[in-house]
Amino acid sequence: RHRCCHRSTKFYDDGLQPSHKTEYVEKYPGYGDIPPPESCKPKPRLPEDRGRMDGTTTFKTDYLPYEIVSRPFRPQAEYRPKSGQIDLGTVYRRDYSPHKVGPVVLARPRERKYASDAKMDTVPTYRDAYRLKKGERAISCKEERSYEPPSERFGNPSTFQDDYIPKQPNPPASCKPCDPKLPEGPFDTNTIHRTAYVVHEMKPPFVRPREEYKPSDQPFEDLTTHQIHFKGIPGEQAKSCKPESKIIESDPFKGTTEFQDRYQAHVVTAPEFHKPREYVPPTDKMDLKSSNRLDYISHKVAPRPPIRPAPGRKYTGPFQGKTTTKEDYQPRTVSWRGLIKNEPQIQKPTGKFSSLTTFRSHYIPHQPNPPKSCKPVDAVAPAVPFKDETLYHTEYIPKKKEVCPAHHPAALGYVYVNTDSQGHKFYRQMSPDCPRSDCDPPPEEVPAVS
């Protein structure tokens, strides 16, 4: 878990800095005397010939082999059952009081039916107040012009006609291997596993005998550390910050509404239940003969042979790039037509622009009324002072910060040992009796980079 604030030492780092410029900065054209910014992109160079590569690496040169010692085998301890009985009683079994459970009563109110003799007005306000208006068709402002085809022929050759050069195709060589020859003689099915495998005898595994369960005689301790050490401190009940609700008294409504005057109750009858008729199966036999089966006459017809195209012939001569379009096409000169620009219908204003807007001319400032604050009144603080001490605040012991040996290894008494394949440097701490670097260092190693 060691962390260092400096950069890691990697022997495989290329050392190139990334370029943060975009394509717009590289292709930006110059305007006037302002030169374009210089590009930080490295120029392409040919790779230098450094000769043959050496096969040695830093891991091979700095690696120190260690003697491997086999791990001692730990024998399995013999199982010995514990004496005594286990108490299976719990707090739930001791304090539980059974009670009868009845069905849940539905809280849905009963359905009420309101009936009246008044007639219902079914004409909505939209149908009563809507008036149909006749719409006028807008006149098109588009100027009609007839198409006039050009009088001269088109005579501009294409880039394909100018740059095309016929080339003879060169088929690539086939990479298909030759037909392999099968070995002579019968196939030998012996493998290294079959010839070199040595069968070992397997001992039967150790199976622990199963014993009967014996409950404990000791009583079960159901008290926790919280129940033992917790002591409730009496305190004052918090006051409610809810504002007092004022009941607005009003006289009850006396009279009738428009719904009670115009509503008419209608007599509703129960819907008639349609009883389906009983199914009676037919007694006659079903005739499965159709007109197709009776009038169809089968004919012996052979299948039609497939229509395949005739085999094509391969042409081995040179390719002729002449086509009817290339021989008969004649370029035409086309004159560029001017822009079809409509004449402006609204004349541009003349004179100096007035910065006075309708909002500035018609605006009337009003004095704002700040809203009333809904923040509750500060609650009265309790008489007992608040204890802000915690276990962490009282029992905390500050620790001394360790200095990273990678900043100044020689001043802190460390000697460089080696570097692994990932670029991590390892140091050894020198003993106080031997200040020189040629003495035998202790076996403890300290990593400088994690």
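Using the three backbone atoms N, Cα and C, a Cβ is placed for every residue, glycine included.
Curation does not apply to TrEMBL; its annotations are automatic.
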Matching range for TrEMBL feature annotation, region 'Disordered', among 73-93, 178-198, 220-240, 430-450:
430-450
What residues in the same chain, six or more past the boundaries of the region 'Disordered' (301-327), come closer than 8 Å to it by Cβ-Cβ distance?
161, 164, 166-169
Count up the helix, strand and coil residues in the region 'Disordered' (301-327) according to DSSP, in that order.
4 helix, 0 strand, 23 coil
